[in-house]
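> Questions regarding the structure given below will be posed in turn.
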């Protein structure tokens, strides 16, 4: 039995999809455990670029099981569209399994999400307006509708009727928007469910059976630790738990069955949406990193905010997710920058702090304490191993490992699978 969790250590968009795809080659099951179609990941497979939002990266390996876990919230319409997108590209999806316990996103969730962001104005969270938060709210309030409910038309109708009474009052009286009629949703969404019903099962059984049979299972996190609803920059966070602890809740696999946790980090830092960002760059270096790194959101197309690598953030991620390994991505983007900076601590009211503050008010007042390192000019996109990297690049990686307290077991120097390199296997048994 061997299991690996892949988590983002920053604010998402770290390259988790690429690393998950790379590690999938040696896995026999790949599972997502939280989030929904608010998270986009880009994968290159057999020379073709794919952009997925719901379906796990392992879908391209027809001999491997791909799982949408119970901790996810699934937009049935988006799922059907993504399946069609893959089928149109000739991808076989018969290896997909969808948890019967996963909750679904309905049109009223999306409308409420949009209206709430609009109402908040300058205080908006910066959501993707995909209905994720409202769907998780319904789950916590115990009025959510699960995939198992969607497949039974009588149950679906009963729950939908009940919810529409409440949601329409909210939309019409509070947001002053038009509500929904039962017939606007019932038949259309029931039909979506019928289109993917053959994939639906108890995925906890599937995953535990795989582990008990000695198979390798890979858990794919979405977003990142700093967007975790408990451990992130609350309230500028997502509505679920991307940290490694979310695996046990969102997949139905116990913590004793998790072996290694791989934290994926960019060689710099990015963020989409609002909230404090201590190392954010507003100069030409930031612009260069954004353009060279193609830093635009997969889901929204929004330009990402760019900053220097923040070891305070990744140390926090190490602690709350129990990182055993670090995968450093987009090293090639930093090529040509004469002097690189790593944030080693913050200054808050004249005092140096080395741990990430819980208070956003404090975080907004934090000034980064930087350590400067010489950059490199050599093209690193064709290197085949750690030893091939320029000395300054290796020193940069070594310093990150020292400051974060996590060994760098993988690094990538470009978008292709062949540009990801292993220093130490994360599938090791010890």
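Glycine too: its Cβ is placed from the backbone N, Cα and C atoms.
Swiss-Prot lists these features:
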- 13: active site, proton acceptor (ACT_SITE)
- 41: active site, proton donor (ACT_SITE)
- 12-18, 40-42, 304, 330-332, 412-414: GTP binding site (BINDING)
- 13, 40: Mg(2+) binding site (BINDING)
- 13, 14, 15, 16, 38, 39, 40, 41, 128, 142, 223, 238, 302: IMP binding site (BINDING)
- 298, 299, 300, 301, 302, 303, 304: substrate binding site (BINDING)
> Just counting, how many other CB atoms are there within 10 A of the CB of residue 41 (active site, proton donor)?
25
> Mind giving me a neighbour count for residue 18 (GTP binding site)? Other Cβ atoms within 10 Å of its Cβ, every protein chain shown.
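Excluding its own Cβ, the number within 10 Å is 25.
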> Pop the Cα-Cα gap between residue 38 (IMP binding site) and residue 15 (GTP binding site) into the table, whole Å please.
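Cα to Cα, residue 15 (GTP binding site) and residue 38 (IMP binding site) are separated by 15 Å.
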> These are the binding-site residues: 302, 304. Which one scores highest on other Cβ atoms within 10 Å?
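Highest number of other Cβ atoms within 10 Å: 304.
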> For the binding-site residues 331, 413, work out the Cβ neighbour count at 10 Å and name the residue with the minimum.
331
> Checking the spread of the IMP site as listed (13, 14, 15, 16, 38, 39, 40, 41, 128, 142, 223, 238, 302): what is the longest Cα-Cα distance, in whole Å?
34
> How big is the Cα-to-Cα gap, in Å, between residue 38 (IMP binding site) and residue 300 (substrate binding site)?
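The separation of the Cα atoms works out to 9 Å.
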> Select the closest residue to the residue listed as 'active site, proton acceptor' from the following binding-site residues, measuring between CA atoms: 42, 128, 223, 300, 331.
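Result for the residue listed as 'active site, proton acceptor': the nearest of the binding-site residues is 223.
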> Can you tell me which of the recorded positions 40, 41, 128, 223, 304 is spatially closest to residue 18 (GTP binding site)? Compare CA atoms only.
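For residue 18 (GTP binding site), the spatially nearest of the recorded positions is 41.
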